[in-house]
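Structure record follows, encoded as structure tokens.
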């Protein structure tokens, strides 16, 4: 592997940096990519895959409306480009410092979580997901077509071994019929190609090779293969029974982990493509109807802030709420255990429901 970053890449970096610096971008990339950091990192490459600073920041250079703006093309990028990753990680994950170490995995006492909305007045649906990467493979931008295929085989054969409530079917995107595709879209299961943030990060190559979706018969458990991360493991159902959703996820992750080794780092926890998704990688969320609080957005944001919750529209990131329905999730994924991350969301939602019902 050539150790020098080539001239064309350097040229692109310089031009992109100049544009970003002059923009009114609110991204964490712009906030932390000082001239000094830029000059220090622009000639570096990761040892195994030769990823450059451009691979790390190109999405944020192209999309000035990014919230974060950087991705890790391979696991080594987190250490080679630490001068940029570390402050962004600290900012996003509520003070997880360069000197901090993410705690070992701990799902906690799964029976202490219950139904947040037994009467079904506020919570439309509940979902808990985590991301995992397969050990020994780089992240999306560095994967070869052969590796995508190899990973898909590994994942589909592993998932086909799941039993009981988790038993289901794997649907490869390659050769998928229009009917199956439509059915999965109608069920809100199918991810679509073409997220511009991911495309700019070079994460959509060889599409649809190696991509697929697994879901159980009850459609309460699904796994996305090679969308943004190698694996997105998702447990979800209608209503507010967080306990049930969480227990299903924990059972599944433990089961899959026995068969496939995951990429893990002593300091950063589970490693994935996006620095917002390190550590526990757990995102616990509800779609919740809070029309009175929706009218007082400041109050909503205040409570959310207190419990480190992220409030967004129900169509995902970068969307507005529709009819007072919000997607609310835990924001911090590092420096706390899996159980603590979900408990933070649990307590914040309980507080919001209490508020909404008192207004």
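We count from 1, first residue shown onward.
Each Cβ is built from the backbone N, Cα and C atoms, and glycine gets one as well.
Unlike curated records, TrEMBL annotations are generated automatically.
Straight from TrEMBL, the features:
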BINDING   125-129, 188, 232, 283-287, 312-317  ATP binding site
DOMAIN    11-94  domain 'Phosphagen kinase N-terminal'
DOMAIN    122-359  domain 'Phosphagen kinase C-terminal'
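The helix, strand and coil residue counts that DSSP assigns across the domain 'Phosphagen kinase N-terminal' (11-94) are 49 helix, 2 strand, 33 coil. Residue density at residue 125 (ATP binding site): 17 other Cβ atoms are found within 10 A of its Cβ, drawing on all protein chains shown.
Sequence-distant contacts (6 or more apart, same chain, Cβ under 8 Å) of residue 128 (ATP binding site) comprise 234, 235, 236, 242, 245, 246, 249, 282, 283, 284, 285, 342. By neighbour count, meaning other C-beta atoms within 10 Å, the densest spot among the binding-site residues 232, 312 is 232. Every protein chain considered, the tally of other Cβ atoms within 10 Å of the Cβ of residue 285 (ATP binding site) stands at 22.
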